[in-house]
Ligand SMILES: Nc1ncnc2c1ncn2[C@@H]1O[C@H](COP(=O)(O)OP(=O)(O)OC[C@H]2O[C@@H]([n+]3cccc(C(=O)O)c3)[C@H](O)[C@@H]2O)[C@@H](O)[C@H]1O
Ligand SMILES: Nc1ncnc2c1ncn2[C@@H]1O[C@H](COP(=O)(O)OP(=O)(O)OP(=O)(O)O)[C@@H](O)[C@H]1O
Ligand SMILES: NC(=O)CC[C@H](N)C(=O)O
């Protein structure tokens, strides 16, 4: 009875060029799929090499190695199952992003990506060429020949086509053509990074693909922090007749996730048949078929589809970042994290995220091999894990307050992290003496403000670095996106570190997230949440605050969004702010804009030097993954001069 198929999708936590690690996971998930009785399994794109190999895709040996793994390890493991496996393929002197279709230990051919992802954090056109739609040819490999290109694969009468990740995000998606070629199944092997709310977009095109194209639509994504910056949520989906019938629970601390469903292929065929708009394509494309083994199943069971946890944005943030931190820690082969803990919001957020990482992994996968490697067999408490993986240091000067020290200590205690309080004033004095000797005069705050602030910030770097080195920890740099926009940080001071967990998110979000985290997880954040953000670098009597030095954070974030995301000119932003900000005079608005644009353009070099950060939305400022800006530029001098002249006219002069 050729009616139902048992089909699945898997998310894998791959690592670029971890040949044996990736292969072992692929073999394990194929094994599991066979045990569950699946006929067809879809794996993510470029799963053999890892998606994020960057310029290594130019190295001929990388595609050769992936091909060798496919032929020698993966194909022999696919007896009595059909599996799709992503790998780079060389042809016509170029590299293509391809999917091998392997059925019952036989290579049927390769489907190839037709729409490359080249926006945002994606650089695929740098590595790959797009395959021309409708084109098919022969591909010779060591020991064989098969077809490659825009193929429909016929497996035992089941017609299978592909949309490979970005293919499904474009207006002219290949699914339209595939539907006219009467495919029963569209497989979508993806590597689609997390950003806020993105899983709902995926759900929409998967559901809609299955409805409009009258097919079973199967979507497989990566899971985890693959290569450092992008985090994958592990979204896998199966839909038929416009409804989701299986999906993964996202953000899991697992090597792989597997979902499966038994679906009625015939029901889609009946629907297509009755559709007046269906116009079969009588194309000349060769079809491939195998018949020795049955892809069809006798089983016609349906399973209840588990509801996906509906995460709020605050939950999505911590789930993504904690998974990002955990994978970064283990893939960098380190033992944990060091944090210079000030009692302020940014470093507190970093510690809270490490704590939530420890708590979540212990709740959801206490036997994770890396956790066991760190803890041994005995301990399973969050506090025990935190003690093992995290050290925090408060580093006071004469400008530090008791309140911030208290905030830091109490928070560290609640998380279970190791805590030390150090006074770095003696170091500050030494460096002030050196500078004063060089200048030939005593220092004072009127003339030496920036130097004196920065000496303090820089005196905090060596100690915490030393603690990080002593335990093979990663030093977390605590900068947030609002500070990054205006370079409100001391290079080689508070920017010191190897990973910036919160540099992808703005201060306003972080502050409200900390209020949520206080309520849901860490009551001791109450002290932190009661403080006004301050660098505490000037004497306490100066009552320094970030917003006094800069501007209110909501204004800063708004300007940043209008300038960076919407690409508006200073003049256009001036008009927006005048409309939006009640009571702000033209002079005040101009002053904010002048400060923002002068600091933004002056400090691109700082953003270039930030430690790697995680991508969580399309307002990211990371120049290496998202937001390009020249290091040296005109500094908005002409734009601001013109705006200032305009503001002058408003005064009626
Ligand atoms: N294009 C370019 N390429 C390379 N270097 C460039 C440059 N433009 C300027 N520079 C150099 O940049 C240097 C200035 O940068 P840097 O030394 O970092 O110092 P700078 O940006 O001048 O001052 C640091 C600021 O960050 C604030 N801060 C510091 C620490 C913590 C916090 C907090 O929020 O807690 C805030 C502090 O209040 C102050 O406003 C100068 O020596 C200048 O020559
Ligand atoms: N007294 C301190 N002890 C330890 N680290 C400090 C101290 N003061 C500053 N730092 C380090 O410098 C970083 C930058 O300070 P910044 O003021 O930007 O952040 P914060 O203090 O965490 O938050 P907020 O800006 O809300 O006060 C801190 O996150 C922390 O890592
Ligand atoms: N790998 C890809 O093709 C990803 C592109 C797609 N727009 C996404 O972000 O999900």
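Yeah, the Cβs are placed from backbone N, Cα and C, and that goes for glycine too.
Among the features that TrEMBL reports, active site, proton acceptor is placed at 45. The Cβ of residue 45 (active site, proton acceptor) lies under 8 Å from the Cβ of 51, 86, 97, 99, 113, 164, 165, 189, 190, 191, each of these being in the same chain and 6 or more residues away along the sequence. Secondary structure at residue 45 (active site, proton acceptor), taken from DSSP and collapsed to helix, strand or coil, is coil.
The active site, for glutaminase activity annotation in TrEMBL covers 113. In three-state terms derived from DSSP, residue 113 (active site, for glutaminase activity) belongs to neither a helical nor a strand segment and is classed as coil.
Residues or ranges marked as active site, nucleophile by TrEMBL: 165. Under the three-state DSSP scheme, residue 165 (active site, nucleophile) falls in the helix class.
Taken from TrEMBL, the feature L-glutamine binding site covers 192, 198. In the three-state DSSP assignment, the secondary structure recorded for residue 192 (L-glutamine binding site) is coil.
Within its own chain, residue 454 (deamido-NAD(+) binding site) has 490, 493 as residues 6 or more apart in sequence whose C-beta sits under 8 angstroms from its own. Under the DSSP three-state reduction, residue 454 (deamido-NAD(+) binding site) is assigned to helix. The deamido-NAD(+) binding site annotation in TrEMBL covers 454, 483, 606.
In this view, residue 478 (ATP binding site) is surrounded by 27 other Cβ atoms within 10 Å of its Cβ, with every protein chain counted. If you look up TrEMBL, you'll see 478 marked as ATP binding site.
If you look up TrEMBL, you'll see 5-265 marked as domain 'CN hydrolase'.
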Nearest-integer angstrom distance between the alpha carbons (Cα) of residue 192 (L-glutamine binding site) and residue 478 (ATP binding site): 27
The one of 113, 606 whose CB sees the fewest other CB atoms within 10 Å, among these recorded positions: 606
Cβ contacts of residue 198 (L-glutamine binding site) (under 8 Å, same chain, 6 or more positions away): 192, 233
In three-state DSSP terms, the structure that residue 606 (deamido-NAD(+) binding site) belongs to: helix
Entries of 113, 192, 454 (recorded positions) sitting next to ligand 3, with Cβ under 6 Å as the cut-off: 192
For residue 483 (deamido-NAD(+) binding site): intrachain residues, at least 6 apart, with Cβ closer than 8 Å: 346, 489, 507, 546
Other C-beta atoms that fall within 10 angstroms of the C-beta of residue 192 (L-glutamine binding site): 27
